[in-house]
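Chemist: Marked as active site, proton acceptor by Swiss-Prot on the basis of similarity to another entry: His306. Residues annotated as UTP binding site in Swiss-Prot: Leu6, Cys7, Ala8, Gly9, Gln74, Gly79. What Swiss-Prot records for Thr80, Gly130, Glu142, Asn156 is N-acetyl-alpha-D-glucosamine 1-phosphate binding site, and it gives similarity to another entry as the kind of evidence. Annotated acetyl-CoA binding site per Swiss-Prot: Ala382, Arg399, in sequence order, evidence recorded as similarity to another entry. Feature annotation from Swiss-Prot assigns region 'Pyrophosphorylase' to 1-202. Positions annotated as region 'Linker' by Swiss-Prot: 203-222. Feature annotation from Swiss-Prot assigns region 'N-acetyltransferase' to 223-408.
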Amino acid sequence: MDAIILCAGKGERLRPLTENRPKPMIPIAGKPILQHIIEKVEDLVDNIYLIVKYKKEKIVDYFKNHPKIKFLEQGEIDGTGQAVLTAKDYVDDEFLVINGDIIFEDDLEEFLKYKYAVAVKEVKNPENFGVVVLDDENNIIELQEKPENPKSNLINAGIYKFDKKIFELIEKTKISERGERELTDAIKHLIKEEKVKGIKLNGYWNDVGRPWDILEANKYLLDKINTDIKGKIEENVVIKGEVIIEEGAIVKANSVIEGPAIIKKGAVVGPLAYIRPYTVLMENTFVGNSSEVKASIIMKNTKIPHLSYVGDSIIGENCNFGCNTITANLRFDDKPVKVNIKSKRVESVRKLGVIMGDNVKTGIQVSFMPGVKVGSNCWIGASCLIDRDIESNTFVYKRDELIFRKLK
């Protein structure tokens, strides 16, 4: 038994976070999405084939020493069907296929009982997904792609069990106008010829497609951690709840950490810093004097040195915040924060701060309005109020007129 994990997509709805990394490499609860998936499947299979393309070197470099993992590069044709077809000459007769951008709780042993199976999940908004219709024996009888009037509340959850017949059906599938070959089109042919079991997922499941999905999945996974403190803790530090502090991390004097939270190797907190629940500080980050971070993911090598507030935000790698940088995360009317996703204004959640790419620098007293996205490699000058998205490689600054008058 082998597994194929689909990791080739660009993750455009998650930009700017995916400008410098593939979506499966976005860290949630201290490790990439892809690592969470691999940990669910690695004991069940002999080989794990990662189908890579976009920013493939990030995936290869991170997982190159895993004994079961092999890398296959998807060709010019895009789409999930083409991604699966990439492994045609490598996998065993039976194999699992898993989307590389989902966080899920259920174990996968149930899938091994069937020749063909698709994971399904009951949701409140099936019209936003691919809908699955089952018969009385839980066999799939119909697939609908984002229908206006869904026939079911069950959706395709992105986990499959196939044999090599699926390759034959994928090859018969027409390439779409977008130049893609889709796996679901092949499954529509499969259900006409074979019984395909719909396996209902009962536990947590998250299709990580939007920035707030990352923060939601982060909360779910952090709720499962247990305290493990190996780093250096200075005097008068207060630690509450479940907190992981890795070896090589330092929490300086008079800081407060409220779990669940993870502080990775090389991170420095304090003195007098406040880390609130559902925060992850990745490797070599710095949250300094009188800075507060709440329910946020701070990626590697980012510095928030002093008198700053970051809430409900995702901050990329190698960012540096000037003194008194503030992220707002709540509207006055308490309605969901609106975010631009692929040129559309979308309602997110009640609290959402800033979504920031890599290598961003802010001057002193910079403020961000809720839901703002900042692209990679930006500079933001002192005293700016950022109330709209900033494209990558942009320098934003303001000019206030200074008036000089002679005193008598």
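Each residue, glycine too, has its Cβ placed from N, Cα and C.
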Chemist: Give the distance between the Cα atoms of Gly130 (N-acetyl-alpha-D-glucosamine 1-phosphate binding site) and Ala8 (UTP binding site), rounded to the nearest whole Å.
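Modeler: About 20 Å separates the two Cα atoms.
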Chemist: So which recorded positions are near Thr80 (N-acetyl-alpha-D-glucosamine 1-phosphate binding site), with CA atoms within 10 Å, out of Ala8, His306, Ala382?
Modeler: Ala8
Chemist: Consider each pair of residues in Leu6, Cys7, Ala8, Gly9, Gln74, Gly79, all listed by the record as binding UTP, and report the largest Cα separation in Å as a whole number.
Modeler: 11
Chemist: Measure from the Cβ of Ala382 (acetyl-CoA binding site) and count the other Cβ atoms within 10 Å, all protein chains considered.
Modeler: 15
Chemist: Could you check which of the recorded positions (Glu142, Asn156, His306, Ala382, Arg399) sits closest to Gln74 (UTP binding site), going Cα to Cα?
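Modeler: Answer for the nearest of the recorded positions: Asn156.
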Chemist: What residues, ordered by sequence, lie under 8 A Cβ-to-Cβ from the residue listed as 'active site, proton acceptor' and sit at least six positions away in the same chain?
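Modeler: Gly288, Asn289, Ser290, Ser291, Cys323, Asn324 - these are the non-local Cβ neighbours of the residue listed as 'active site, proton acceptor', listed in sequence order.
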Chemist: Tell me whether Gln74 (UTP binding site) sits in a helix, a strand or coil according to DSSP.
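Modeler: Reduced to three states, the DSSP call for Gln74 (UTP binding site) is coil.
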